[in-house]
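K.L.:
I'd like to ask you about the structure that follows.
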Amino acid sequence: MKILVDENMPYARELFSRLGEVKAVPGRPIPVEELNHADALMVRSVTKVNESLLSGTPINFVGTATAGTDHVDEAWLKQAGIGFSAAPGCNAIAVVEYVFSALLMLAERDGFSLRDRTIGIVGVGNVGSRLQTRLEALGIRTLLCDPPRAARGDEGDFRTLDELVQEADVLTFHTPLYKDGPYKTLHLADETLIRRLKPGVILINACRGPVVDNAALLARLNAGQPLSVVLDVWEGEPDLNVALLEAVDIGTSHIAGYTLEGKARGTTQVFEAYSAFIGREQRVALETLLPAPEFDRITLHGPLDQPTLKRLAHLVYDVRRDDAPLRKVAGIPGEFDKLRKNYLERREWSSLYVMCDDETAAALLCKLGFNAVHHPAH
C-alpha cells in the first residue's frame with residue numbers, strides 16, 4: 001500500500017509508515033505521476049482535491065490535516081466512492097491564541113483594557129466557541145453571531161451580524177467559506193458592512209480570505225477613517241493585495257493555525273481516520289510526538305493583570321514575528337508559500353508550565369489554556 005503525504009505535514013512519514021509505504025510530495029502542485037501509483041493521499045489546505053486531480057487514479061482515501069475543507073470537493077469524492085476525513089478543530093487553539101496575541105499587542109499599543117471592550121465573534125464553531133470561553137474567563141463581554149446554529153436552536157444567545165456591527169468594538173471572523181446557499185459567507189463583510197463599522201473598531205479575519213471583501217476594506221482604510229485590521233488570510237492567496245497589507249495593522253501569511261500542536265493534531269486525526277478506514281485502527285498520544293518547548297517553566301509572583309498576561313502570551317507567541325517577514329517579501333512570486341513552508345516552530349500556551357504564588361492567578365491561567373499550578377510562597 002502506498003500513501004502520498006504533503007511534505008509539510010509534520011510527523012506524517014513517522015505515523016503513516018506504520019500502515020504502508022510513504023512518499024512525501026509537494027502540496028502545490030501534487031505531481032500527477034505519483035497519484036497514478038498510490039492508494040491514499042494526505043493533503044493540507046494548499047491542495048485542491050477534485051475530479052480533475054483524482055479521476056482515473058487508484059486513490060481510494062483522501063485525508064486533509066486541516067479543519068477547513070473548502071479545498072476539497074467532498075460531493076465528488078462521495079460519488080466516486082473515495083473515503084474522506086478532515087481534522088475538525090485540530091488548530092482551533094492555535095487560532096484562538098493568534099487572536100489573543102494580536103488583541104494584547106493592540107491593547108498595549110493603543111492603551112486600552114480588553115475588559116472595557118465588547119468582542120463580536122462571527123462563527124461559533126471549534127474556534128469561535130473556544131475564543132468565547134477564554135474571553136469570558138477574563139470577564140470580557142462577547143456577542144455571538146452564527147445563523148446556522150441559531151436556526152438549529154443550539155444553546156446560546158445568538159445575535160444578528162447587524163447587532164454585532166452596532167455594538168461590538170472588535171469583530172473577529174471564524175466561519176467556513178460558503179460561496180452560496182442560505183448561509184453564504186463569501187464577502188460576509190461586504191462593502192456595506194465595512195462602511196458601517198464604527199471608527200476605531202478592530203476587524204480580525206483568521207478564517208478564509210474571501211469572507212472579507214478585500215477591495216472594500218482597502219477603500220475604507222484609504223478613506224482615512226480609523227480602523228484597526230488584523231488579517232491572516234487574503235483574497236486570491238497566495239497572491240495578495242500588497243496595498244492592503246501596507247494599510248493593515250497586522251498582516252500574516254495564513255499561519256494563525258500553525259502551532260506544532262495544531263499541525264500534529266491534524267496529522268494524528270487523519271492518521272487515526274485512515275487506520276480505521278483500512279481496518280487497522282490505531283490511536284496516537286500527541287505528547288509522545290512533541291519535542292520540549294523553548295521555554296517550559298516560569299514562576300509568576302502576584303496576581304495576573306493584562307500586561308502580565310501579554311508578557312506570558314508573547315513569551316510563547318508574539319504575532320509581530322510573523323508580520324514583519326510577510327511585509328518584507330510581499331508581492332514577490334512564491335514567497336507567501338515559502339513563509340508557510342519554512343514556518344518557525346510555534347507552540348501553544350499549554351507548553352508553558354507556570355508556577356503561581358497567587359491561587360486566583362493559577363486558576364485563571366488554567367482556564368486560559370496555560371499549564372499552571374498554585375505554588376504558595378514559603
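Glycine is treated like the rest: Cβ placed from N, Cα and C.
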K.L.:
Please identify which of GLY200, GLY257, GLY262 is recorded by Swiss-Prot as part of the NAD(+) site containing ASP146, THR175, ASP232.
P.N.:
GLY257
K.L.:
What is the Cβ neighbour count of HIS254 (active site, proton donor) at a 10 Å cut-off, with all protein chains included?
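P.N.:
Neighbour count, Cβ to Cβ under the 10 Å cut-off: 23.
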K.L.:
Using only the Cα atoms of SER45, THR66, TYR258, which the record gives as binding substrate, return the largest interatomic distance in Å, rounded to a whole number.
P.N.:
12
K.L.:
Looking at Cβ-Cβ distances, which residues of the chain lie under 8 angstroms from ASP146 (NAD(+) binding site) while being 6 or more apart from it?
P.N.:
VAL122, GLY123, VAL124, GLY125, GLY128, ASP154, GLY156, PHE158
K.L.:
Out of SER45, THR175, HIS254, GLY257, TYR258, give those recorded positions positioned within 10 angstroms of ARG208 (active site), comparing C-alpha atoms, in sequence order.
P.N.:
THR175, HIS254
K.L.:
Between THR175 (NAD(+) binding site) and THR66 (substrate binding site), how far is it from one CA atom to the other, in Å?
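P.N.:
Their Cα atoms are separated by 14 Å.
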K.L.:
For the NAD(+) site as recorded (ASP146, THR175, ASP232, GLY257), determine the largest distance between any two Cα atoms, in Å, rounded to the nearest integer.
P.N.:
21
